[in-house]
């Protein structure tokens, strides 16, 4: 009997295929790094074919390494980097352009011009829960249609398909038989009305995007189709799709209102479960869909940080201050403090709660005594300060936060999580399975395949690996955070047209 679940976690810098058993225990995983392209300042792209090739390779390798066959897999689920935008030809399956990444800022001017038009901003926020920012898919689609020769005409004729990465992978897995997405990914496009749960004709007109481009929107657990026989040697049912951050919230068992998770990967994403209530933030957070099951929507309040683990990669690759990412932990702990150094990693602008697309990274407080260890520590501390920015915004929106559940690649760093607990002044719990996105995806896929009965079972499956308790004096905490706020203030650009009404 088929009893294993295959979860795809397609991220910004790598693709993973993770096998879980019927008890949602991790059995084996395989990962492949993928390339990011930076053709101009503020531009971030991927090769869609590389994304697909890496996904298929991971699936084949993880099965081989675990001595399993595709026939042993009861269900497949897909989680993905959100907002990243792909357009492809419906007949040939060929991408029209590279995938424009979620970090890409090329549409800043367009978004600012649109936001300056009377009534546009308030309407956009009310319908989508988002802000009018290059982060989301709508302006990326618009850019491709306007800048790739013949794209708009082909779209009008119904010859092109749009998808976030989940939708593109589904198309490839099913041999073009299924063009669909899920409610969480749809909610990150800027074209989906989260109140009415449908593509919004008024928003499509605003961005001049033909509706024929768009995929069908399904629940997170649904019958999305089957993998083509030729791909893995057996047709595997695809029973779940979900954006990676929402998948992590499920994997962290944040299924009750008031529960919060934070994922530390390339960026950092903090998500608060708000139940059946849409909370329009007064503090520049995003209202979004946490998950949709049986046509019932659970909403979330999210803060997005563009640069977290990417700052460590920056220390490693162009700067060569570290050899390996995990060297950052020992280097940060080897000095008592940063020596007054603050890094504001606004390499692609600043996300929540500032939403300044034109801000750029800066190092402050350098002296002749500054060592590379101080800079490395400042990079890790910056992740924690940005997290405090988000926590303050969540608290100011009326939420109560006593414990934060964390996951992602950076969550393996004990020093980082202790400093995070110290600077936030709250308990931080690290999940035993730091692959929370994959776990949440696997659980939903199993739910869709009938291996699990209800979402509540996830609560019993979640286990903490380690608890981090605040140890810093509150006065010291305030002093350090005040220095961060002053550093951020120096990087912010003159006010552009407001992105919130």
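Even glycines carry a Cβ here, placed using N, Cα and C.
The candidate list 263, 266, 459 contains one residue that Swiss-Prot assigns to the ATP site with 12, 13, 14, 309, 409, namely 266.
Site annotation (Swiss-Prot, ligand glycerol) includes 82, 83, 244, 245; from 29, 135, 291, the additional listed residue is 135.
Listed in sequence order, the binding-site residues from 13, 83, 244 having a Cα within 10 Å of the Cα of residue 266 (ADP binding site) are 13. Under the three-state DSSP scheme, residue 14 (ATP binding site) falls in the strand class.
Distance noted between the C-alpha atoms of residue 13 (ATP binding site) and residue 82 (sn-glycerol 3-phosphate binding site) is 13 Å.
In the three-state DSSP classification, residue 83 (sn-glycerol 3-phosphate binding site) falls within coil. Its Cβ placed at the centre, residue 16 (ADP binding site) has 21 other Cβ atoms within 10 Å. Between residue 244 (sn-glycerol 3-phosphate binding site) and residue 12 (ADP binding site), the C-alpha separation comes to 10 Å. Across the fold, the C-alpha of residue 12 (ADP binding site) and the C-alpha of residue 245 (glycerol binding site) stand 12 Å from each other.
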